[in-house]
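Read the structure below first, then the notes.
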């Protein structure tokens, strides 16, 4: 049976007149006339003759199986001849299967893959994002530890064991600075047993003179059998590459997140429909997780409705009410600034008092941890007070959460900056080298015989104290709270409930810990390795407390840009620590009695000295890279590249906006067609119920169909070319 006869039987000719006599339906209106051999396809026909040929344009009507239809469609789309051998097909299939097997095998080596999937299945993607961020920091610190160990730690251990140390010639005059060379942190007598514990948690004693801190490394160059290794240069360049590596990893991850934000339009799409139809997490397991997710969705809808109510209320405020509201907000912001300022003042005074006192024993340990205690307590108490104050400011719920997070970020990072500034004031006598305390050694030698090690000890104590506080909170607060809530039926305990796992404050705590590590990496080279172990223990502790003690928060940071915000805060922490690194390398005089830069006027002096030892060609090349002839074109090229990337991002954003508008137009067209079908069905049913009347001469159907309720519909346009929206 021919294809035309088959179509005539399936789609009989209509009774009403039509200007397109051979077209049987709207779906077939764009199909050209078929001939008797329509089920044949000429594989060798050129693509340019496709418009004038008798080839079928609608593959749905071809009586062919799906595989052959797919092949025909691929040829029509790609417009290439099908010339392929079975050997090439088998080779491509084998390579594809090999790649799938390799990916499947490598998936078993992904850190904490099943555990994080289980967390996402029970508590949703919000809580899972915290553990993904934690895994990123663990991998980052581990790779950084390998970098430092390969170029600094292992060479120093090997050269010390082989006694291959040769000191670099001093670049400063030591005639007047002989007193500054005295530095002996080794204990003179046999210490008591419990002092080992005190030294372990404070970084003093046997810990101070070890590979953990800056002061233990030598300023030596190893030369043996045409082999040369400069330990000071390796120490400085490793720190620089460590910071550069962390910056590159953070930017790459931010790029992936930003790409998702651009695609989704910053989370500004969907509204209620997106929350209702796509808000459910189908990976949830268990009744408890399902009920919590339902509560979360209900709370998000409440937040949206509350924001709409507040917007309408703010729009209806009178002038006097608006002035009083803004006056209240200004007053509360002043209260917040006073609290933060008092916190900074307390951190500065605690640091000065801790550095000026030198007691021993347990009291000395408390004084050494006094700045860490003040910083940790302020980071816990002040954000809680700021959250309560933010509720009185009468902002929308999302604005309240964002404002609280910004205040917490400012408090954490600036408190660390206040600690570093206080240490700088004491080390450099407030920048006055001519001061009596700093005149002989260019730094406060009486109190800081090896100031780099002292700064490293402060960062070490902050890292260790943060870990101890987390463990103590888990054991002494969260477990007892869960036991009381589960076994006590009084209204107060049921009102308090279990501990909520707040994603945003936990992520900011990780950012703060990583900033501390970056700040102290120059003065405590093994701090990234310590932080790796700390974050690994954090994962298991947080996982235990999540499944045993906590429940997901019903009030989340409701935005698709949350991950980008956290990475941006991490980048701010990197910038703060980079300022500390650059200033310490370029401006502050190194200690005379310790470290790999003990005989230099600045840490950076090692680099020009190492460049002068190279051959003439390498020296000229490095000087050319550092000259204006290279830096200015590089800067111009970077600006051009940045403008191109910015323009490309803008184009992608406009494309996404255009696609969204097209989707909205398609939705409106579908709604219009549904209403039209309902109207036609109602009209047909009405005509069937009424007695038959003599037919009247009417206009063609396509004329009445193209206009409906005084609106023009392009879907019923008889032209072949589709019209744009």
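Cβ coordinates are placed from backbone N, Cα and C, and glycine is handled just like the others.
Note that this is a predicted model, so its numbers are computed, not measured.
The compositional bias 'Polar residues' annotation in TrEMBL covers 1-10.
Residues or ranges marked as compositional bias 'Basic and acidic residues' in TrEMBL: 684-700.
Under the heading domain 'TMC', TrEMBL lists 450-559.
Summarising the annotation, TrEMBL assigns region 'Disordered' to 1-26 (among others).
According to TrEMBL, the region 'Disordered' annotation covers 684-705 (among others).
The transmembrane segment annotation in TrEMBL covers 132-154 (among others).
According to TrEMBL, the transmembrane segment annotation covers 193-213 (among others).
The annotation transmembrane segment is assigned in TrEMBL to 233-253 (among others).
Look at TrEMBL and you will find 260-280 (among others) tagged as transmembrane segment.
Sequence annotations record features per position, and here TrEMBL assigns transmembrane segment to 326-348 (among others).
Summarising the annotation, TrEMBL assigns transmembrane segment to 360-381 (among others).
Marked as transmembrane segment by TrEMBL: 401-424 (among others).
If you look up TrEMBL, you'll see 459-477 (among others) marked as transmembrane segment. Remote same-chain residues near the transmembrane segment (459-477) are listed as 201-203, 212-213, 368-369, 372-373, 375-376, 416, 499, 509, 512-513, 516-517, 519-520, 523-524, 527, 530-531, 534, 537-538, 541, 544-545, 549 (criterion: CB distance under 8 Å, separation of at least six residues from the stretch ends).
Per TrEMBL, transmembrane segment is recorded for 516-541 (among others).
Long-range Cβ contacts of the transmembrane segment (562-583) within its own chain (Cβ-Cβ under 8 Å, at least 6 residues beyond either end) map to 129, 133, 239, 243, 246-247, 250-251, 253-254, 257-258, 261, 405, 409, 413, 416-417, 420, 503-504, 507-508, 511-512, 514-515, 518-519, 521-522. Taken from TrEMBL, the feature transmembrane segment applies to 562-583 (among others).
According to TrEMBL, the transmembrane segment annotation covers 630-651 (among others).
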Look at every Cβ pair spanning the transmembrane segment (326-348) and the transmembrane segment (516-541), keep those 6 or more apart in sequence, and say whether at least 3 of them are under 8 Å.
no
Take the transmembrane segment (401-424) and find every residue of the same chain, 6 or more past its ends, with a Cβ under 8 Å from one of its Cβ atoms.
336, 340, 343-344, 347-348, 351-352, 355, 371, 375, 378-379, 382-383, 386-387, 390, 393, 395, 431, 454-455, 458, 462, 504-505, 508, 511-512, 515-516, 519, 555, 557-559, 565, 569, 572-573, 576, 580, 588
Any chance you could find the range in 193-213, 233-253, 360-381 with the most Cβ pairs under 8 Å to the transmembrane segment (132-154)?
233-253
Outside the transmembrane segment (193-213), six or more residues from its ends: residues with CB under 8 Å to it:
153, 156-157, 185-187, 361-362, 364-365, 368-369, 452-453, 456-457, 460-461, 464, 523-526
